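Over in TrEMBL, the protein carries these features:
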{"type": "TRANSMEM", "residues": "31-54", "note": "transmembrane segment"}
{"type": "TRANSMEM", "residues": "66-87", "note": "transmembrane segment"}
{"type": "TRANSMEM", "residues": "99-119", "note": "transmembrane segment"}
{"type": "TRANSMEM", "residues": "125-146", "note": "transmembrane segment"}
{"type": "DOMAIN", "residues": "294-483", "note": "domain 'Bacterial sugar transferase'"}
{"type": "TRANSMEM", "residues": "299-320", "note": "transmembrane segment"}
Amino acid sequence: MHDGQPFRSVNQRAADHVAEHLRRPPVPQAAFSLMIAVIDLIGITLGIWFAAFFAEGGELRAVQTMIAAGFTAVLTVCALWIGSGYTFGLLRNTLRGSLLAWAAGLGMILVVSPLGLWPQPFTGFLLPAGIMLALVIGFSHGLMGIMTRWAQDFGLTARYAVLIGGGQEASAVLESLQRDQVRDMRVVGLFDDRTDERSPDIVMGVPKLGKINELIPFTRRARVDTVIIAFPLTAQRRIQETAELLRVLPIDIRLSGLAYSVSHGQVEAETSQGYAKLISIADRPLTGGSGMAKRALDIFGASWGLLLLAPLLIGVGLAVKLTSPGPVFFRQQRHGYNNTTIEIFKFRSMYTDQADAAARNVVQRGDPRVTPVGRFIRRWSLDELPQLINVLKGDLSLVGPRPHVVDATYSETTPFETLVNGYAARHRVPPGITGWAQINGWRGEIDNPERLLRRIEHDLYYIEHSGFWFDLRILAMTIPSLFFKSDYAY
């Protein structure tokens, strides 16, 4: 199935309605975890500080106590974060989460006590410290519990899923997920190839939206977080074929153990605390905190980049405008995250009447279509700098696989995706201005299939190992790579 083919559903109206409803981005559950961590950091610091104030009888060694309180708060928050004390489930369970945070705070006060920073006698300080921690933590976690339950009730944090399968197996999984409030996963549609009575059009109020091969174009239109495969575990071939089909998507892929139980009459053995056991097959590359950190790096880097490089941007723009007729910027349609179409900005490097927006004829060494200024800015990748605007818009990231032109082909006739197995999997993360392939010399013209294969291999390696520190490493290596690995940049 070609990703670009029109979406045709056996229930087109239902599919259109669901896809339109799922266009709204969710509030990441990690945002609530980060929020309560920051609140705890401030609250624990102030709580300990006030406890020391009372223990000192109104006299306070302000600097020393504040340093000790802040240090203790940092240790407490780090311990809770590492120990999964800020999970979304604990935030909903206010009492359990508050007790855990309170115990961690008291424990860290004891850990810091040998440093001699607390008021003496220490036992006279520990009681007010415990009371103040209980007050600030109880208030903050209670308020956060109300906020998380409110957000969950209104579907702001829900993870939307589609289920592959139907009939009895789908019904069992749906019933289990509806009881699982902690997981907060909402199945919005079914995809199944069967059309007989084993797979009705509606199962427990959830409509069938199409056949399995129609799932990928549906996810291009709708925000889907998870695909659950409700096949029996004995159907290994079907599971492998379906997982291979779905691996191009930036979503979590799960296999329902409950479906196996239903088919074998062992429901209790395959549930976890009464809920469906979901076996992980594949995880999306950027989730929760890692996705937030990457976006924060993009906004910070692009903002400062535009500010610091403003003189260079103005100079290049003037050079382009004054040396050849036409606009300063060149706009081009390219594939973005999840294979969507985006428009990127570049400094124009070719004569206007010979510009090739569709990239049917790739630029070659000594190409007469390239202006003298264009040749220079292409050699040093200065033509890519306006894409910092795309980063701020959210179309691009600072680091990621380079976005290819829509319907990119090799030798004018062969689409890229037919040359390399798994080509579309490079769209599982946002495309970037620079990437792992580029700093390793695989940038510029693709003059043979081997170069495309090596580039895609590097892109997929980046996706599997993507992270904040890996991005920083690639950014640090980008400028040196322009000097030493630019044989194909012209």
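Every residue, even glycine, has its Cβ placed from backbone N, Cα and C.
When Cβ distances are compared across the two stretches, the transmembrane segment (31-54) makes no contact with the transmembrane segment (299-320), since fewer than 3 pairs at least 6 residues apart fall below 8 angstroms. If one looks beyond the transmembrane segment (99-119) by at least 6 residues along the same chain, the residues whose Cβ comes under 8 Å of a Cβ in the stretch are 40, 44, 47-48, 52, 55-56, 64-65, 67-68, 71-73, 75-76, 79-80, 83, 85, 90, 125-126, 129-130, 133-134, 137-138, 141. Taking the domain 'Bacterial sugar transferase' (294-483) as a whole, pLDDT averages 85 in the prediction.
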